[in-house]
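One structure below.
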């Protein structure tokens, strides 16, 4: 496991080896959802992707610190809590627990630290005071705003000209901005909304400022990897960089990773289209592990189109895998066996999960075809060790098959199952670099293949 992990860094636009200043130690930050509703698939894709990364890091580094953050200070939260007749604390606690329950069902491991934004307000106030003192922020009508032109590096992450960033900006309401891209660090208190003390009067932090206090407190001035969805590159992550670079004199992260968008039947999820798929509703129809595999079936930097055929394909894949493991239930597992090097090599290559899944086919076939007890022990142990970084095939086969809606089958039927079930995305498995793929062609082939499979979950 001495080979370096290669990751595509959004800010440099290239894939490069992960280098950390402290040998054996790596830090990872991935923000969580705003706690105003149940999580949808767009929230969950990054959670699953970066869970695989965290698992991979733990295989290669003895000291891994994975930090998350839950947003519980937001105007949408306050409005929804008021409509529900609940306190903000009770309302956000309910959705925090639902988020964790959903992720547990998908096998997503909890971060080492996952504070709520409301727990970090004092740090944000201190940070905003630093920015004011250094001339990077100003006060207007009780609002503290960051002055974007004071940071020359703004826009480097997204690579857009200022005119485009202005057109795409989704700023919080604030009076008399000096520049269209200026954003709120602190806003004054409003009746009925939670408020905290500050030198500028009672108020609450702006949305873009909430993650930065968590980053500073939990991870220090610079972290190794900052992850998130592509939709957060601009303006949220751009604004994080500006705040922390100006507050500390250095950019906050060495490597920025972003997963691509998720669509539903080739359309963006939106309430007007009535196609928002919540994990809570989906779990009533499918197992968490099948949802996880479906979310991992495309390279994280490629758009993922969600449909029932994709979910059904993942369900059949797992059913076959657990049938093989059920047939080998009497074979012990040697926990000293290491994961397959080809699986790890695929994951080290910018989290090429589809290639790793393709390699699992051979490991599954080795279990099914082993004729001696020693061969079965080696094959089963290798399969389970190799599937663990992916968060797959780790459950007791009988309970997993029940949740998948499948019955245990005789060994003979398991052997006759297709040999390439884990090859959900053949094009992605063959291409080490996602930019090299012809997406439309591959997407058409996938739609045809899934459509012929027919089953609905």
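Cβ atoms here come from the backbone N, Cα and C positions, even for glycine.
The motif ''HIGH' region' annotation in TrEMBL covers 33-43. The ATP binding site annotation in TrEMBL covers 271. Annotated domain 'Cysteinyl-tRNA synthetase class Ia DALR' per TrEMBL: 342-401, in sequence order. Annotation comment: TrEMBL describes 408-419, 434-443 as compositional bias 'Basic and acidic residues'. The region 'Disordered' feature in TrEMBL is assigned to 408-457.
In the domain 'Cysteinyl-tRNA synthetase class Ia DALR' (342-401), the DSSP tally of helix, strand and coil residues is 47 helix, 1 strand, 12 coil. According to DSSP, the residue listed as 'ATP binding site' is assigned to coil rather than to any helix or strand. Within the model, the domain 'Cysteinyl-tRNA synthetase class Ia DALR' (342-401) carries an average pLDDT of 98. Residues of the motif ''HIGH' region' (33-43) grouped by DSSP class, helix first, strand second and coil last, total 3 helix, 3 strand, 5 coil.
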